[in-house]
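Record features, source TrEMBL:
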type	residues	note
ACT_SITE	Glu87	active site, proton acceptor
BINDING	Val170, Val171, Val172, Gly173, Tyr184	substrate binding site
Amino acid sequence: MADLVFFSGTMDCGKSTLALQMNHNHAARGRQGIIFARHDRAGASTISSRLGLRAEAIEVTDGFDFQLYVVQLLSAGGKVDYLICDEANFYTAEQVDQLARVVDELGIDVFTFGITTDFRTRLFPGSQRLLELADRVEVLQVEALCWCGARATHNARTVGGVMVVEGPQVVVGDVAVNEDEVGYEVLCRRHHRRRLTAATARAAALSPDVLPFEQT
Ligand SMILES: Nc1ncnc2c1ncn2[C@@H]1O[C@H](COP(=O)(O)OP(=O)(O)O)[C@@H](O)[C@H]1O
Ligand SMILES: Cc1cn([C@H]2C[C@H](O)[C@@H](COP(=O)(O)O)O2)c(=O)[nH]c1=O
């Protein structure tokens, strides 16, 4: 029986790498797959991993219909065994419903990959629908780490290393960016709540306010 699976985690925990590995393993056994992505950092119609792997993908736009696309392909005599869907957090809820129908009505495996929550800890629409519909939700085993060494569970958006909490939900970007650029940093919940990034923690540690002082 086909499955709808959601592989989730923070940014930078290896989701795109796993997506490309899964595609490789299935293709190596003669299975026919299609790769989809949306807003990949490397540009449109691409799936890229920080380990250097990259592949061509079909760019999912707002109006894109997964079910229609697959049905048309099958009607034209094509073979489809599985779909790899990266950056699924950016898909619409309706598109996730279409993916569920591809699984149930066409018997095609759908493997989706994405972050669950945004920089304000709110679910992305695509991720919310996947949590509601997936047969299985798998949290990636490779742990991204907060600067304190704890498992990172949240994504912070930063400007010049300082966490920001205002702005649009979608801003494509990366971890480890240059000063002044908008970027992201993964944090444990405790430090996300306190808005304490690596840079602000470092600055606080150097501040004279926190230097040891003698009690009177
Ligand atoms: N230079 C490196 N050496 C080893 N592993 C790396 C290196 N750079 C990145 N990685 C691994 O790649 C992971 C990020 O993979 P990626 O698929 O791009 O993540 P995601 O899609 O979840 O954002 C990191 O968590 C780390 O495990
Ligand atoms: C937290 C958060 C992230 N994004 C963007 C930033 C990246 O382009 C992607 C995540 O990609 P990854 O492969 O998982 O690293 O999402 C965003 O637009 N809004 C956010 O709140």
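We count from 1, first residue shown onward.
The backbone N, Cα and C atoms fix where each Cβ goes, and this holds for glycine too.
Keep in mind it's a predicted model, so treat the numbers as computed, not measured.
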Around the substrate site formed by Val170, Val171, Val172, Gly173, Tyr184, list the extra residues of the same chain whose Cβ is within 8 Å of the site's Cβ centroid.
His39, Arg157, Val182
Would you give the longest CA-CA distance, in whole angstrom, between residues of Val170, Val171, Val172, Gly173, Tyr184, the set recorded as binding substrate?
12
Gly173 (substrate binding site), number of other Cβ atoms within 10 Å:
15
Tally every other Cβ atom lying within 10 Å of the Cβ atom of Tyr184 (substrate binding site).
21
Rounded Cα separation (Å) that holds between Val170 (substrate binding site) and the residue listed as 'active site, proton acceptor':
12
Set of same-chain residues at least 6 away whose C-beta sits under 8 angstroms from Val172 (substrate binding site):
His39, Arg41
Sorted by position, what residues of the same chain at least six away from Val171 (substrate binding site) have a C-beta under 8 A from it?
Arg157, Val182
Residue pair Gly173 (substrate binding site), the residue listed as 'active site, proton acceptor' - Cα distance, angstrom, rounded:
12
Distant-in-sequence Cβ neighbours of the residue listed as 'active site, proton acceptor', under 8 Å, six or more positions away:
Ala37, Arg38, His39, Asp40, Phe113, Gly114
